[in-house]
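Here's the structure we're looking at; comments come further down.
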Amino acid sequence: MRAKIVAGNWKMNKNLAETETLLAELSAKLPDSTAEVMVAPAYVNLASAVRTLDNSKIEVIAQNMHYAESGAFTGEISADMLLNIGINTAIIGHSERRAYFAEGDEILSKKVVAALKNGMRVLFCFGEELEDRKSGNHFKLVESQLKNVLFSLEPAAWSKIVLAYEPVWAIGTGETASPEQAQEMHAFIRKTIADAFDATIANNVTILYGGSVKPGNAEEIFSKPDVDGGLIGGAALVADDFIAIIKAI
Ligand code: 13P
């Protein structure tokens, strides 16, 4: 059985005091769930978040990481730095990193390889823009995003990979993919992986949906057979909303 996951990507929100407040509220209200729960606060607050959640089932993860081991990369953070403060998972390939920080397949490949080499788990994000969907190019685009970054990996690497399909047109827009659109794409992703590797890898990989998931639509999206949870932006910043989404799974 593949893992169910609900992850909150806080993006550039919440200072230290606000981070501590939200984490305390989440810890106090966390429901008993078989799903894994993750939160990704901003870099400067990661170490403190790990300490705060020391006895909690919530895993703290990073929003990004650099591919180099160390060196002259002003402003960047390495895998070793994350591991050293107790972070074992990094989001890689978020559409905002792709769009605003020019992270393309080549850089993302290096990041994924570096994370895996350091024994980290990768939450790999990808998804099409609105124009791709309108022109019917969305399946091709998603296939190439997967292929260019993940298909040269060793089969064993897949035990450390979680996928998050996030159609760019649904991120922060309030417009979510319909449960049918999410299921259709997730099934396509699983088939693409089965074709490139094998059915066992495809069936075992967790595929999250991200893009305007809210308490009101989470249950229907999560009910789809190939949707294994969600990567949540805006709604992860409000404790009651995030808790409701965890309960929906
Ligand atoms: P929203 O839930 O705010 O649409 O953001 C989704 C997202 O980008 C999570 O990484």
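Backbone N, Cα and C atoms are what each Cβ position is placed from, and that goes for glycine too.
Curation does not apply to TrEMBL; its annotations are automatic.
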Substrate binding, same site as Asn9, Trp10, Lys11, Ser212, Gly233, Gly234 - TrEMBL member from Gly71, Gly172:
Gly172
Residue with minimal Cβ packing [other Cβ atoms within 10 Å] among the recorded positions Lys11, His94:
Lys11
Listed binding-site residues (Asn9, Ser212), ranked by Cβ neighbours within 10 Å, top entry:
Asn9
Could you find out if DSSP has Asn9 (substrate binding site) as helix, strand or coil?
strand
